[in-house]
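The structure under discussion appears below in the form of structure tokens.
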Amino acid sequence: MANAMLLPALISFLILPFSSLALTQDFCVADLACPDTPAGYPCKPGVGAGDFYYHGLAAAGNTNNLIKAAVTPAFVGQFPGVNGLGISAARLDIAVGGVVPLHTHPAASELLFVTEGTILAGFISSSSNTVYTKTLYKGDIMVFPQGLLHYQYNGGSSPAVALVAFSGPNPGLQITDYALFANNLPSAVVETVTFLDDAQVKKLKSVLGGTG
């Protein structure tokens, strides 16, 4: 009984220092000249209004590529003002027939807001491999929980555009196809762990620039 009564006090004791730290500093604009750390970049000395402003999402991304899609980031590396604030953003452009293949963001959840066109999107739960899919139209939003495999592709006859918010300043990105076929992981290993045959693996490695 005594231990149960002490638990809330212990939790409060552990949380309080971090809460106090967060409240004693309004912001910490990243000093990109210094190395990134697990806690974020060190604070830049001397900041101005420009450090809290970014125009990089105004222009459409170049979709003239293999996947016919482009992600323009406003992560801490491009927008130092988000350092330590637990947020970042991006612009997503998808041409007709374009796709953002299955991928994950290991360090953030994602909120996608469609501003133009039609996007088919979905994610896969980690516990039961349940697939959650939705067709999104202009004005729709969809959330993709942190670390889960998800995708988006253009489901219409015109270019699609979306604005994306992340729950971290540097969400990270790993695209499944590129992780398997765009590096030097030996084909024999890929075949073993994916159940694909040799011809399929070598074809995908050729398309994505992999070796081995």
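The backbone N, Cα and C atoms fix where each Cβ goes, and this holds for glycine too.
Using a 10 Å Cβ-Cβ cutoff, E110 (Mn(2+) binding site) registers 23 neighbours. Among the features that TrEMBL reports, Mn(2+) binding site is placed at H103, H105, E110, H150.
Taken from TrEMBL, the feature oxalate binding site applies to H105, E110.
What TrEMBL lists as disulfide bond is C28-C43. Long-range Cβ neighbours of C28 (disulfide bond) (same chain, at least 6 residues apart, Cβ-Cβ under 8 Å): G40, Y41, P42, C43, N83, G84.
What TrEMBL records for 55-202 is domain 'Cupin type-1'.
Annotation comment: TrEMBL describes 1-22 as signal peptide.
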Fewest-neighbour residue among binding-site residues, criterion Cβ within 10 Å, set H103, H150: H103
Check: same-chain CB within 8 A of Mn(2+) site center, minus H103, H105, E110, H150: T104, F123, F144, L148, L149, P171, L173
Count of other CB atoms lying within 10 Å of the CB belonging to C43 (disulfide bond): 16
